Amino acid sequence: SITCMSSIVNMLCRVGQIRRCAASLSQTLNQVAASRQKHTLPDLTYDYGALEPHINAEIMQLHHSKHHATYVNNLNVTEEKYQEALAKGDVTTQVALQPALKFNGGGHINHTIFWTNLSPNGGGEPQGELMEAIKRDFGSFQKMKEKMSAATVAVQGSGWGWLGYEKESGRLRIAACANQDPLQGSTGLIPLLGIDVWEHAYYLQYKNVRPDYVKAIWNVISWENVSERLQTAKK
C-alpha cells in the first residue's frame, strides 16, 4: 500500500540521516584527534647567558634546546601511540607505554617549572607569605635552604630536589624524586621550587662537584615565581 511504501521511504531517510550523522561525528572525532594540542618547548624569558656566572650559557642552551626539546618530542610520539592503543582497546600497549609517558611527561613538566623558577634577578630571600610559611615549617629560611640542599645533593644518580606544598595540611615539604618522576604525580605535593640534579644540568661547569652547583643555584632562584606558585597552590 501507499502508506506502507511511505513508511519504508521515511525509514530509509532516517537510516540515511543516521549514517550521515555517524560519518560526520567520526570525521569530527578524527579532526579533534589530529588537531590534539601537541606539547611544545616553552620559550625562556631570559637569554641563555643571563644566569652566568652561576649557570653558564652553554649548559642552558643544551639543557633547554636539546634535553627539554627531546622530552617534548618523545612525549608527543608516545601520546600518539597511546591514543592509537586507546582507540583499539589495546590495554597491553597502553601499559607498555606508561613508563615512557611518565619519563617524558615528567621531564616536560619538571623543566617547564624549572625555567620559571630561575631568574637573572633572582637570589636573596623570599618575602611575605612565602617567607612566613618557610619560617613556620622549617624554623628559618637558612634551615630550609640547608635541608633542601642536603636532600638535593643526596639524590642517587639522576633526579630532582623539591620544595612542595601539601594541600591537606597546608604545609611546605621537601622531597626528592628519582629520574624525571614528577613531584605531584609521585608524592601528591604541589611543586613550588625544583632543583635539577641530572648531570646535564651542571656537569660542563661544575664537573662531579654537585654541592657547588646546588650552592650556586640559590643565587638565581626567582622567589617571586615560587611565591606565585604558592598562591596558586592554596586556591
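Cβ coordinates come from backbone N, Cα and C, glycine included.
Summarising the annotation, TrEMBL assigns Mn(2+) binding site to His63, His111, Asp196, His200.
Look at TrEMBL and you will find 38-119 tagged as domain 'Manganese/iron superoxide dismutase N-terminal'. Regional average pLDDT for the domain 'Manganese/iron superoxide dismutase N-terminal' (38-119) in the model is 96.
Annotation comment: TrEMBL describes 126-229 as domain 'Manganese/iron superoxide dismutase C-terminal'.
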Pick from His63, His111, His200: which of these binding-site residues has the biggest number of other Cβ atoms within 10 Å of its Cβ? His111
Across the domain 'Manganese/iron superoxide dismutase N-terminal' (38-119), what are the DSSP residue counts per state (helix, strand, coil)? 63 helix, 1 strand, 18 coil
Return the residues near Asp196 (Mn(2+) binding site) by Cβ distance under 8 Å, restricted to its own chain and a separation of at least 6 in sequence. His63, Asn110, His111, Phe114, Trp160
